[in-house]
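K.L.:
As annotated in TrEMBL:
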type     : residues : note
ACT_SITE : E82      : active site, proton donor
ACT_SITE : D223     : active site
ACT_SITE : E316     : active site, proton donor
ACT_SITE : E345     : active site
BINDING  : T448     : Ca(2+) binding site
COMPBIAS : 496-516  : compositional bias 'Basic and acidic residues'
REGION   : 496-529  : region 'Disordered'
Amino acid sequence: RERVRAMFYHAYEHYLESAFPYDELRPLTCDGQDTWGSFSLTLIDALDTLLILGNVSEFQRVVSVLQEGVDFDIDVNASVFETNIRVVGGLLSAHLLSKRAGVEVEAGWPCSGPLLRMAEEAARKLLPAFQTPTGMPYGTVNLLHGVNPGETPVTCTAGIGTFIVEFATLSHLTGDPVFEDVARKALKALWKNRSDIGLVGNHIDVITAKWVAQDAGIGAGVDSYFEYLVKGAILLQDKELMSMFLEYNKAIKNYTKFDDWYLWVQMYKGTVSMPVFQSLEAYWPGLQSLIGDVDNAMRTFLNYYTVWKQFGGLPEFYNIPQGYTVDKREGYPLRPVVVFWFFAELIESAMYLYRATRDPTLLELGRDAVESIEKISKVDCGFATIKDLRDHRLDNRMESFFLAETVKYLYLLFDPDNFIHNDGSVFDVVITPYGECVLNAGGYVFNTEAHPIDPAALHCCRKRKEEQWEVEDLMREFYFLKKNKKFIFKRASDQGEGESAKDPEDASSEKAGEKRNSKKSSHSLLSCPSQSFNSKLAVLGQVFLDNS
């Protein structure tokens, strides 16, 4: 754990000294470059890692720096996918962790705050990309002018289906449903356009909904779509999203799985198109563990670990029958799955599996990863991407996800008592404009850039319309019954036995409630449909335990 901490600061301090305010560090030349939009991206990506490592003072300093220095109103073409997972996700996570980090939060937090406003501003810059006939977004958007007229309509599947975690969180915190709505529409568009055998391809035209690349698998170009169906289902307690994933999982097992390896197949026929393993597939065992399929997760994980031990990292493409890397595809950025980069995905899986099994093999992998990263990738000014696993040539780049993912998951693997692993035995109660709210009880959902989102926060700031109507109808009924109690009894006696009287205004409110309930799914009064916790239920600011 302490070696991982030292790795983080070696990379982080050299970024500050040599690259800030650029997006990324170039470790071989000790300077910086903008890559994804000129956001000081490494600083945003590393922010929640600082708190996980316990550095409260630096977290507070960086929050101030970002508020003063980051501007999204710029003439830059930005990746919709990368901006969402790194910038929006990083800012949302830091916003929800701010109070824990000792930041003086404003009244109304977590329903308001400077980092939340920054996340909302960044996300609004992405919304024009979703204005397509299918609801599936373009891959690139200009932050000042929207989608360029000549922008290609072809987007990868992951670039369409990786928004629900960040955008739903944003909608619940701000009360603006537009973000969750566009994310759900994009997810459902992919679901609608799956093949008859239940698979999705790699790239699709967002205007015509025609599949351009018809290779189906679980790796690059598709990966985080499946990840977000599961994590979105957990975050939102959404049975529909989980049902969608489970249907995909059946098709994946039927057509792409061979002896605990997952190959690429033709999405309409199911025939093998590429007998290769991709490094980005290393997230899959972690996803299997999240749905409780631990035995299969461990078998798949150990396959990937075997490849890693052969090369000292995971090649971007690995030919399974030949047992070697695929030519011209050896390079990988400081990716969660290559040496340490590969470790973002592979170590994420290791962390989940270790929490589930306590198998010491997983700690051994983590130790081997630390040693490989230090031996192969460490240079004077940080850590460099490995260009070729066969001869360990380095590239002059340190991607921001090295600090956001690789180091974070390694640290959490070796730090079982970290607050992120909270089992719900401790929590904080905060007062919001909507009443009391439970936070920091654990169960964090990591976005695909490893930014943790507190699922409890989604219930702090936004009341669904159905719930508002239920409470309004109940209070209106209570008010009129109390106000007109004598009047009602008097009219009842005047009208004779067996008859009842109603105040005209009360009757109209009842009709309004019936009309609303005919349009919306009905719930019993005070059923709190948006509060789906099993352990605690908050009603009108009062917290009740299951056994009360």
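Placement of Cβ uses the backbone N, Cα and C atoms for every residue, glycine included.
Unlike curated records, TrEMBL annotations are generated automatically.
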K.L.:
Fewest neighbouring Cβ atoms within 10 Å: which of the active-site residues E82, D223, E345?
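P.N.:
Selected from the active-site residues E82, D223, E345 on minimum Cβ neighbours within 10 Å: E82.
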K.L.:
Just to verify a number: CA distance, E345 (active site) to E82 (active site, proton donor), in angstrom, no decimals.
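P.N.:
E345 (active site) and E82 (active site, proton donor) have their Cα atoms 16 Å apart.
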K.L.:
Take the C-alpha atoms of the residue listed as 'Ca(2+) binding site' and E82 (active site, proton donor) and report the distance between them in angstrom, rounded.
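P.N.:
Per the Cα atoms, the residue listed as 'Ca(2+) binding site' and E82 (active site, proton donor) stand 10 Å apart.
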K.L.:
Counting across all protein chains present, how many other Cβ atoms fall within 10 Å of the Cβ of T448 (Ca(2+) binding site)?
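P.N.:
There are 27 such Cβ atoms around T448 (Ca(2+) binding site).
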K.L.:
If one measures from the C-alpha of E82 (active site, proton donor) to the C-alpha of D223 (active site), what distance in angstrom results, rounded to a whole number?
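P.N.:
With distance taken Cα to Cα, D223 (active site) is 14 Å from E82 (active site, proton donor).
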